[in-house]
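Each remark here refers to the structure printed beneath this line.
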Amino acid sequence: MTKTKIAPSLLAADFGNLQRDVEMVNKSEADWHHIDVMDGVFVPNISYGMPVIKAIQKYATKPLDVHLMIVDPNRYIETFAALGAKILTVHYEACTHLHRTLQTIKANGMKTGVALNPHTNIKLLEDIINDIDIVLIMSVNPGFGGQSFIENTYNKIKALKELITRKGAKTEIEIDGGVTSANAKKLVEAGADVLVAGSFVFKSDNPTQTILDLIKATDIH
Ligand code: DX5
Ligand code: ZN
């Protein structure tokens, strides 16, 4: 059984000590650096942009998992490739021509990610699933860290897993929002491959240990 990947979300890091927090992830057992980009239009909040990601890239040694919560993400695909993104995730709700956007992400050497808001049905991915490397299921409404987990997420994971199997796709399932060691096991049992965790990791007393706790909680064999 493959290990569940853990992607600490730097949105919850201490921005005054960003280098320290990026290096904590480097040295930990986590797999990816999750980077949330918000534009104040697609979501009510604004997070950080290119200069900050450039600083993260300078110190990060693990793959950059970039989650774009912005309108018309097509405009910035080349920019994020140049900033070192390995996975580029766009929101289904923000893309008029999702197929074209995913082809451009691939052409720029990155893995394709598609994020779904809590209200967006898995069925909408039926005709595009074979072009998606990672589906990110939002388990809170995007825009802020520290919100509580939406329980319907388990049903969505199961429905997505069924779709992936039926279509013979190799898509991984990533869960983002309100993830803790209390729900991690149930998420993996439902079919999650990657867990994003912001507040749970960075607001804890010992983030490195909290990452280990999450890994332990997801060890279901
Ligand atoms: C929310 C972001 C998340 C966020 C998760 O819009 O996409 O990645 O950082 O934070 P927590 O784990 O605190 O819910
Ligand atoms: Zn995110």
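Numbers here mean position along the shown chain, with the first residue as 1.
Here the Cβ of each residue, glycine as well, is placed from N, Cα and C on the backbone.
Annotation source TrEMBL lists substrate binding site at S9, H67, G143, F144, G145, G146, D176, G177, G178, G198, S199. According to DSSP, H67 (divalent metal cation binding site) is assigned to a strand segment.
Annotated divalent metal cation binding site per TrEMBL: H34, D36, H67, D176, in sequence order. DSSP assigns D176 (substrate binding site) to a strand in the three-state reduction.
The local packing around D36 (divalent metal cation binding site), expressed as other Cβ atoms within 10 Å of its Cβ over all shown chains, amounts to 25. Taken from TrEMBL, the feature active site, proton acceptor covers D36.
Neighbour list (D176 (substrate binding site), Cβ cut-off 8 Å, at least 6 residues apart, same chain): S9, H34, H67, A115, L136, I137, M138, S139, V140, P142, V196. Taken from TrEMBL, the feature active site, proton donor applies to D176.
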Give the residue from the binding-site residues G143, G145, G178 that has the most other Cβ atoms within 10 Å of its Cβ, counting over every protein chain displayed.
G178
Around the substrate site formed by S9, H67, G143, F144, G145, G146, D176, G177, G178, G198, S199, which additional residues qualify by having Cβ within 8 Å of the site's Cβ center?
L11, A12, D36, V140, P142, Q147, V196
Using the centroid of the Cβ atoms of H34, D36, H67, D176 as reference, list every other same-chain residue with Cβ within 8 Å of it (recorded divalent metal cation site), in sequence order.
A7, S9, L11, I35, D65, V66, T89, L136, V196, G198
Nearest to D36 (divalent metal cation binding site) by Cα distance: which of the binding-site residues G145, G178, S199 is it?
G145
Listed binding-site residues (S9, S199), ranked by Cβ neighbours within 10 Å, top entry:
S9
